[in-house]
Amino acid sequence: MVPQVEAAHLFGKRIMAITSSTNTIGLLNLQKNGKHSNMDLPLFCSSHLKVRRFKRIFKCASQVNDISVEVVKPEIDFKDPDWKKHFQEDFDNRFRLPHLTDILDVKPRPTTFSLKSRGPPGDGNGAPMDTWYGYVNDDDRALLKVIKFASPNSAGAECIDPDCSWVEQWVHRAGPRKQIYYEPKEVKAAIVTCGGLCPGLNDVIRQIVFTLEKYGVKNIVGIQFGYRGFCEENLREVPLSHQVVQNINLAGGSLLGVSRGGPSISDIVDSIQAKAIDMLFVLGGNGTHAGANAIHDECRKRKMKVSVVGVPKTIDNDIQLMDKTFGFDTAVEEAQRAINSAYIEAQSAYHGIGLVKLMGRSSGFIAMHASLSSGQIDICLIPEVPFKLEGPNGLLQHLEHLIKTKGKAVVCVAEGAGQELLQKSDALDASGNVVLGDIGVHIQQQIKRHFKNIGVPADVKYIDPTYMVRACRANASDAILCTVLGQNAVHGAFAGFSGITTGICNIHYVYLPIPEVIRSPRRVDPNSRMWHRCLTSTGQPDFR
């Protein structure tokens, strides 16, 4: 069983286990005007709370299959004067970072990381470490949520109780600590890149190597072609050093190569033991992180002194709790080229219609942000918002209106949008994802058919820039994000954490337990201000 699929299977079991326990967070959909809101609201569940059972479809961690599980939906007893306290205690427990000291008797030592010297302290090339004050305290925290909503009816509201009471939710701040739990000269660190390509992979690899060397680590290797590189004999470790990675950020792709799937979790951990790896840095999305968490769990089960740290990689920007993931800004910027081409084609043709399909399996962030930034999109279609093609409120009717009034139209569609309009497939890709139907081609064909039937000429140009978008070099914004994420991944490993990922939350860099970020893909909230801004920009109606 491949690690992403196996991890998803294990994680599905974990969902069933934790949601039936007495200290977990559930989700509540409020009803407004008789209709269910799209808000998913966190609720606290403990012995103080009443619960009722219901069925909910969960998307498992590696996006393999929809799993129907019985979940306990908690109902908070808001009459309990201490409900906020119970909520915060439970939140702190869930967001506690796993540490080597949970399973091993290891003692910390003073850090070897200091910016007062050219290298690790003790080599006589700089000022003493204790004169520098750039370390993060273990008790430093950052707020997960920063908006205090006055009402559940506010756009994008995320409320715990009907009154939208303010409840502080703190997560761990990322960065270097004064105490570390490894002897740098004895460390063997490994880096692996999994899944598909994404702008910035080489930037992250580069910074991980630079920061490891700053601590004094000499033995750094790359695992080739994702998780499969652990066990395939023809894929050898790639020695990494400052000299090797110095200029890799100038190109797209991954120095180490990527792939989906791979050996079982047990085989991977066997390989980690055989290779004597102490730190594993895993670059990937939801499925890859599920695999990383399963590797972490297996290492703990075997009481191995191994830190497994994730760096969230997905141009879809669909990882929970984070402002954005690396590669997203570059993808939005690159998408402008395709949109601009579609606009020029539409403008230059008689009754021209430009159609652009962008990436976004379950989340429409790229399509939404690309539409907003271009200012040339008339219709934006995303997976989170259903639409109809036919009928008075359908997409085709609106296109007919645009052609009559403007003489042209430009449509941007995310690859996962409108899948209910296509024939469903049971086929899975190497990561266990359901193979999507091609919504872009389908809409193109339906537009041509519609305008032919009504006797109106229409010149449809279809552009799919998928692989161009993900294979390019990171832009300046992503390069900065990759730099910080790579550095913080190393700081987290030396601090003794494992089973964590690093990300940016409300402009602050934080560490989060992997299970909390892979519960489900992050999705565009159709009630959010950002989606409303997109609708204001395109001027499109509701296609339902």
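Glycine residues also receive a Cβ, built from the backbone N, Cα and C atoms like all the rest.
Annotated domain 'Phosphofructokinase' per TrEMBL: 189-491, in sequence order.
Annotated ATP binding site per TrEMBL: GLY196, ARG260, GLY261, GLY285, ASN286, GLY287, THR288, in sequence order. If you draw a 10 Å sphere around the CB of GLY287 (ATP binding site), it holds 28 other CB atoms from the protein chains shown.
The Mg(2+) binding site annotation in TrEMBL covers ASN286.
Per TrEMBL, the feature site 'Important for substrate specificity' maps to GLY287.
The substrate binding site annotation in TrEMBL covers THR314, ILE315, ASP316, MET359, GLY360, ARG361, GLU415, TYR467, MET468, VAL469, ARG470. The 10 Å shell around the Cβ of ASP316 (substrate binding site) contains 28 further Cβ atoms across the protein chains shown.
If you look up TrEMBL, you'll see ASP316 marked as active site, proton acceptor.
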Sort the binding-site residues ARG260, GLY261, ASN286, THR288 by C-alpha distance from GLY360 (substrate binding site) and give me just the closest.
ASN286
What is the one among the binding-site residues ARG260, ARG470 whose Cβ has the most other Cβ atoms less than or equal to 10 Å away?
ARG260
Over the residue list THR314, ILE315, ASP316, MET359, GLY360, ARG361, GLU415, TYR467, MET468, VAL469, ARG470, recorded for substrate, what is the maximum interresidue Cα distance in Å?
17
What is the Cβ neighbour count of ASN286 (ATP binding site) at a 10 Å cut-off, with all protein chains included?
32
Given the binding-site residues THR314, ASP316, GLU415, MET468, ARG470, which lie close to ASN286 (ATP binding site), meaning Cα to Cα within 10 A?
THR314
